[in-house]
Amino acid sequence: MALNISGLIALVLFYAMTLAIGIWASQRSKKQNTKKPSEVAMVGGRNMNFWVGLFTATATWVGGAYINGTAEIVYLPSRGLLWVQAPVGFALSLLVGGFFFVNPMREKSYVTMMDPIQEAYGNVMASLLFIPPLIADIFWFAAILASLGATIKVILDIEGYLAIISSACTVIIYTLLGGLYSVAYTDVVQLIFIIVSLSICIPFAMMNSATESITYTASHHLFQAPWIGNIEVQYFGRWLDDFLYLVLGGIPWQTYFQRVLSASSTKQARLISYLSGLGCFAMAIPSVLIGAVAASTDWNQTDYGLPSPNERGESALILPLVLHYLCPMYVSIGGLGAIAAAVMSSGDSALLSASSMFAHNIYRKVLRKKATEKEVLWALRLSIVAFGMMATALAFYSHSIYDLWFLGGELVYALLFPQLCCVLFVPSTNTYGSASGFLVGFLLRILAGEPALKIPPVICYPGCSLVGGTYIQLFPFKIVTMFITLLTIIFVSHLAAFVFQRKILPTRWDVCKIIKEDKIIVSSPQREEFRIVQSTENCGQ
């Protein structure tokens, strides 16, 4: 296979167009009249256009790993459509987020999702709880960069590392220049490109002479097992666990809260959350069809030949393989552009998410409490570069796109989601509970093992099986871990408050200062001075 010059030129032009839009949007952001330019970069000055907000919220979740991973799962003979949980899971996640989480987050004009945690539990816990979303965002960006590198290598015969580096550099530059404005406006163009490109590719793939009717192969064994798939009884616990993980674990991401916090009103923020969930579901349809086409193809009739992609261990590349071998070259180049657009639309969001939390919650509130707006902006920009480089390096070592993408949010789900629920809906919790929940949740998750990282389980839940030399947990341990973390935070918080308030333990042992006696709190001028006896105060505040 020779280098595809026309495809390379088209890709370069697409990157140049995206960069130009990002630079234009950065100039628009500078016109915002505000005393807090850092908030313009992080949450768009809280006056983002509704339609732009809707497009960027949808594009954020529809990344390269999303469309590649969906096609891969549909194609795999051992999985199939019934195991494609992300579209419905993310749609419900955005619905739940809009219904329960938007109002309390917007009422106090928070900038990041770490703000309420930092207010409630102090700087030490906020710094610890910053680690899971940081890891998740870096893994997310790395996963989608890896998917793009693999795609370009198949379609254009270019080494994947060139695509990874060029994509990462483009995303870093326009995100650094314009913050959320650049991210949002480039997302609009990228999402439109994804819809148009994949829609054009599907008819060509379905009408290829090597492909049978996907309606027939959905329920009949032809070249492989039916692509609808099935859920065996012993795997239902694992299926349910993964599904709940997507629904609840999709909420505590700064990428989500950046969108709803940037809207001009709470009503618009909730509507963006609901409609973007529908958009995520709809955007999975092209990938599902491509996966079904791959499962319905006699690969021996194509230039790919036998053995099939699954037998060669190349199922993670099924989307670019369909584009390359079942579509004309000019059509497959359009599909490549769709994947590149998907990578950028999620990559920039992940970068801005992690960098916003670092600049606002760690640099401004922990490292440099008297930092100026200019310093915070520079901290944001430098962290964008640093985190982008980390994700790029990690992308070279990723071997399973879907596993890496799925793994990225597990720490957020097990550790951060319970903490966020407690600070918003159980205000009586305190730093002792938060620290205990973090420790218990982390240990339970690690001790359950992780096949993707070759970590064997120490805790073998019911149904734990050895499959192909790897232990697989069939019990829904993720939801159990999350609930135990949640209950630990609540129980330890109330226990700590009880033992200090009742003088069972001396107050000098209260290192987190959750009890403060006879403190006079002077409220705002609109209210009178009042006395609080034994009021709760958080560690580090």
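Glycine residues also receive a Cβ, built from the backbone N, Cα and C atoms like all the rest.
TrEMBL annotations: computationally assigned, not manually curated.
What TrEMBL records for 6-27 (among others) is transmembrane segment. Distant neighbours of the transmembrane segment (6-27): 152, 155-156, 158, 166-167, 170, 173-175, 177-179, 181-186, 189-190, 193, 329-330, 332-333, 336-337, 340-341, 344; these residues of the same chain sit at least 6 beyond its ends, with a Cβ under 8 Å from one of its Cβ atoms.
For the transmembrane segment (48-68), the residues of the chain that approach it from at least six positions outside its boundaries are 86, 90, 94, 140, 143-145, 147-148, 151, 180, 183-185, 187-188, 190-191, 194, 198, 250, 255-256, 259-260, 262-264, 268, 271-273, 275-276, 279-280, 283-284, 286-287, 316, 318-319, 338-339, 342-343, 345-347, 349, 401-402, 404-405, judged by C-beta separation under 8 angstroms. The transmembrane segment annotation in TrEMBL covers 48-68 (among others).
Annotation source TrEMBL lists transmembrane segment at 80-102 (among others).
According to TrEMBL, the transmembrane segment annotation covers 123-148 (among others).
The transmembrane segment feature in TrEMBL is assigned to 160-181 (among others).
If one looks beyond the transmembrane segment (188-206) by at least 6 residues along the same chain, the residues whose Cβ comes under 8 Å of a Cβ in the stretch are 14, 17-18, 21, 52, 55-56, 58-59, 62, 67, 214, 283, 286-287, 289-290, 293, 322-323, 326-328, 331-332, 334-335, 337-338, 341-342, 344-345. As annotated by TrEMBL, transmembrane segment applies to 188-206 (among others).
Under the heading transmembrane segment, TrEMBL lists 243-261 (among others).
Within the chain, the transmembrane segment (273-297) has long-range Cβ neighbours (under 8 A, six or more residues past its boundaries) at 54, 57-58, 61-62, 66-68, 70-75, 77, 81, 84, 86-88, 90-95, 97-98, 102, 194-195, 198-199, 201-202, 205-206, 208, 210-214, 216-218, 222-224, 226-227, 256, 259-260, 309, 318-319, 321-323, 326. Annotation source TrEMBL lists transmembrane segment at 273-297 (among others).
Under the heading transmembrane segment, TrEMBL lists 317-343 (among others).
Within its own chain, the transmembrane segment (378-398) has Cβ neighbours under 8 Å at 38, 41-42, 134, 137-139, 141-143, 145-146, 149, 161, 164-165, 168, 171-172, 175-176, 179, 347, 350-352, 354-356, 358-359, 363-364, 368, 371, 404, counting only residues six or more beyond its boundaries. According to TrEMBL, the transmembrane segment annotation covers 378-398 (among others).
The transmembrane segment annotation in TrEMBL covers 404-426 (among others).
For 479-500 (among others), the entry in TrEMBL reads transmembrane segment.
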